[in-house]
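Structure record follows, encoded as structure tokens.
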Amino acid sequence: CCALSTVCGTKKVQCPGTHHCIPHWELCDRHQDCEDGWDEEGCPQQPCLPGQWQCRNRVCIMAEWKCNGIDDCGDSSDEDVCAPCPPGMVRCDEGKCILESLMCNDEDDCLDGTDEPSTCGELGMAAGHCPRGWAWREPVTGQPHNRLPACSCQVCSARVDIRSGDLYWLAFIHLSCPRTHVSCRDGTECVAQEYMCDGEKDCADGSDEDGCTQLCNTPGQPTPCQSHEYPCGLGACLNASLVCDGRQDCVDGSDEGGNCSVPCQRSCAHLCYPSPQGPRCWCGPGYRLAEDGLSCMDIDECKEWGEGACSQMCLNAAGSYSCECLPGYSLEPDGHLCKLTGPEPVLLVAVQSEVLSYGLRSGREEVLLATDKDHVVFSLDYDLVERKVFWMDLATESIRWQDLNSGKKGTLVKGVRSDCIAVDWLGRNLYWTDGAAGQVLATRLGATWQGIPEYTVVMDGDLDQPHSLVLQPLAGLLYWSEVGSHPRLMESTMDGSRRHVLLAQGLGWPTALALDLPTQRIFWLDEKLGAVGSARLDGTSVKILKLGWVQSPFAAAVCEGQLYWSEKKTWSVQQVDKASGKNRTVLLKRHGQPHGLQVFTWGAPNPAVPSLVGTNGCAKSNGGCAQLCLPNP
């Protein structure tokens, strides 16, 4: 028999084997909408009962307690959603604030889809009665007869009263952008400052690339031309050897005439060339003319260009620079990028009850392991040494494992609930966060569940909903995010001591962390701000890019030049360039929410090698401990 063609729009999914379509938000809503119940198969457990509301810390409270002025959740999330959204934003029923410009844009930006009600179709209006900020658009000649006159938006956005279903409009001339971003000319979107004048049109109206030549030539700004180039009057740069050669090479002819005939008699460190303004000194590539106008200074490209010079290590030299790679990487022919040597790196992704592997070179997909269909593989990590995958099983409230060589499975610990687990493959421990209890805990990788919990509380007390967690085993360090009333990124040693705040500003809900050890940076995805952020491991050089496709991130990983993350709302795994946030690609999209995600490299290190021990005191003989050893470098 032939397969049924897809009959659903972009906002709906089709029940298998039928022409029945249901909205995305009706999947896993504990109500059977497809006749065969497909929309409720393999769904994660819903801990709250009808009439209850789930807090950020997973506590269930009565729905009517929300916004009653009392912190019933214990994490203030039942009251945080009542605060007014920032200017230019509107709140979804489920509490999230979104830009007003995202209302009625044919995409479900609210998790419950309440930004796309049926009233969004009411844009056909009587001629001459468009709302303020809207212009009347006549039918286009030659278009199908059902193309009706309508109102086209100029500087406004639709706003919907969710409860009444009324549609009204809001003039929206000045969009409020974060300090790291600038508004496009049409006022409908913000782009990162780094995207201005980068040669790519990131604003829909292209305004981020307008006037870039004039911007570079603004008085008080450095000339865009290098010291071996001559600036033409219209902003172009000309090689100095072409100046005063009898030909007009600048469009405006500014490279000829004037004092071109005056001979070069200056004591220039490198070379002297005639110019219409008289003789000038110029320097070779890689050098800059000093303030005395005679001598040349070396340009330190490594310092001035930062991460743009090399993907890993940069070595400055007189008039030049070179890139080098860390052990295990090789330099690409472009002389800038470093790539992993050895077997293909693989992305491990937890989707519902399965763990998939995705080849980052070949794009090859396969199911690496599968659990019972009514179980959900939540957070995951792997052990480089014994080639085991560990994961949080929400259904049994346990941390389980499977050996990738033998297929053998086991349970590490029971009676735990965690959003994130992390493996210290060198010190042979596993850590996890408990947001509700405000704790970070740990147990031995070799532990076997025998009915008695064998784990320890590493940190307790003043943690404000710890969420994501990443480790740096070679240095014996631990990093985590907190998503409570005062979100922040934290660092400590692996025994919980020497705690300090890495970053406490410019954060909303940093729900996914990833370390990029070759560049010594930490990355995070912020669900509340819809942004990707990064900073050096000392908390400096903070960079935040607001990206529209960051909506509901769960986990993240970095490999080479790419940042990967799992997106719960769109049921996808995506990647972007880690430095610019551009070149977004959807790698995986499945019927089921993706959760845990890690980059797996098949080359297993040997902890017995002294260079790998680093400052992790538990790497050798378990630090002399009989049971659990927690590193304190």
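The backbone N, Cα and C atoms fix where each Cβ goes, and this holds for glycine too.
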Residue among C43, C48, C82, C85 that, according to TrEMBL, closes a disulfide with C67: C82
As recorded in TrEMBL, which of C225, C232, C244 forms the disulphide with C237: C225
Candidates C73, C85, C104, C110 - disulfide partner of C92 as recorded in TrEMBL: C110
According to TrEMBL, the disulfide-paired cysteine of C250 among C232, C272, C281: C232
Surrounding residues of the domain 'EGF-like' (323-338) on its own chain - C-beta under 8 Å, 6+ positions past either end: 309-315, 518, 560-561, 603
Across the domain 'EGF-like' (323-338), average pLDDT on the 0 to 100 scale: 90
Euclidean distance between Cα atoms of C67 (disulfide bond) and C55 (disulfide bond), Å: 12
Disulfide-bonded residues compared (C85, C110) - the one with the fewest other Cβ atoms within 10 Å: C85
Counts of helix, strand and coil residues, the repeat 'LDL-receptor class B' (476-519), according to DSSP: 3 helix, 23 strand, 18 coil
In the chain carrying C82 (disulfide bond), residues 6 or more apart in sequence that have Cβ under 8 angstroms from it: K66, C67
Top Cα neighbour of C232 (disulfide bond) in the set of disulfide-bonded residues C85, C92, C97, C110, C197: C197
C250 (disulfide bond) versus C237 (disulfide bond) - Cα distance in angstrom: 8
Rounded to the nearest Å - Cα separation of C250 (disulfide bond) and C110 (disulfide bond): 54
